[in-house]
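Asker: I have a structure here, written as structure tokens, and I will follow up with some questions on it.
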Amino acid sequence: MALQNEKNSRYLLRDWKPENPAFWENKGKHIARRNLWISVSCLLLAFCVWMLFSAVTVNLNKIGFNFTTDQLFLLTALPSVSGALLRVPYSFMVPIFGGRRWTVFSTAILIIPCVWLGIAVQNPNTPFGIFIVIALLCGFAGANFASSMGNISFFFPKAKQGSALGINGGLGNLGVSVMQLVAPLVIFVPVFAFLGVNGVPQADGSVMSLANAAWIWVPLLAIATIAAWSGMNDIASSRASIADQLPVLQRLHLWLLSLLYLATFGSFIGFSAGFAMLAKTQFPDVNILRLAFFGPFIGAIARSVGGAISDKFGGVRVTLINFIFMAIFSALLFLTLPGTGSGNFIAFYAVFMGLFLTAGLGSGSTFQMIAVIFRQITIYRVKMKGGSDEQAHKEAVTETAAALGFISAIGAVGGFFIPQAFGMSLNMTGSPVGAMKVFLIFYIVCVLLTWLVYGRRKFSQK
């Protein structure tokens, strides 16, 4: 049901003016913060579901399955494929259905892949094709990011959007590390024994109940759905059809900024999905699941910081410096990998933590760039055509939200390509070096792109 059918709802905000200082201080900021924190909770759980397979795949063969390394890397990558594709339509949904309604729907449906995965892992005869379908369904969780970020952008004034988007995206991204921290612990606890879940004995005498890794999120998703229904709002002025939002695809800056976001958020989500499997192949004697959560945790916290410092120092400056460090860490990684020797796990882990840190910081700074740049170019374009300030502001809000959602879809593609690149490189050469060379070159290209287009001079308002 579209927003126009919600005219009499107490959840519909008919007069929303966050740029008005008096309105913001007296009323707006309290409503915006409530919507932000509920959004953070829903998005955090969505990221938990999106990255489920990054923790599940490393344990599948321990409970009776016999999948190849390529198959396991594929399962970790597939949620990012569907998540990236679904982010495109998801980015247009909030102005059509409303942020509250869409958050309720998009959170509730995540219960389906969680329940199904918990059932599937209990039968070692479950076909690989079933896991492919479940992995693709987990991608719906990744799509939530596009609608969530677009929705929150409507609630905050431009001066606070970097911080607000950083908090929403950063703490939402924290779901990756929460899942990778909780899953390895909960699978050894008989949480759902009352449902007849029988664990599989392990060589060390423990009993693994892998279904717990999926089912533990079901009650939390139900609670978050109820919270979104009862505590969030829809904004009447944010209403726009798909036709109103599609012109954003014609903007050159949409595609340039998509590349930058692919390098930052794409790296964060790709490394989150593939790091545990990569570390397991390079350092098989290390129990990586006890350490894997820390990288996504650093990246998620860094995203919030990246948005905040970009509001203060400028997103372009922060992004440029960040890409330089991403390139440096990528180059250092070559020195830590096993070659003729056994490699150095401590150095490998430390350098990867640096990559997670910079990927997180860059995710926050590039999103701040997107919000600022699209607001500027839209206002400039509307006024050049003789439009009023009110019209310019309205179109700027709509185009910025659409751009944030669409660019987030491009960024999510990294969650597929990075694990697949690692898997392909390992399959062809027995080493991930080939994949890392590609990443290093890409980061260098992004340094040049950021500097030449946005850093040296005032960019073209097109």
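From the backbone N, Cα and C atoms, a Cβ is placed for every residue, glycine too.
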Asker: Using Swiss-Prot as the source, do Pro157 and Gly315 end up on the same side of the membrane?
Answerer: yes
Asker: Which listed range (181-201, 207-227, 288-308, 402-422) shows the maximal number of Cβ pairs under 8 Å with respect to the transmembrane segment (102-122)?
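Answerer: Looking at each of 181-201, 207-227, 288-308, 402-422 in turn, the most contacts to the transmembrane segment (102-122) are made by 207-227.
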Asker: What does the DSSP secondary structure composition of the topological domain 'Cytoplasmic' (309-317) look like, as residue counts for helix, strand and coil?
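Answerer: For the topological domain 'Cytoplasmic' (309-317), the helix, strand and coil counts are 8 helix, 0 strand, 1 coil.
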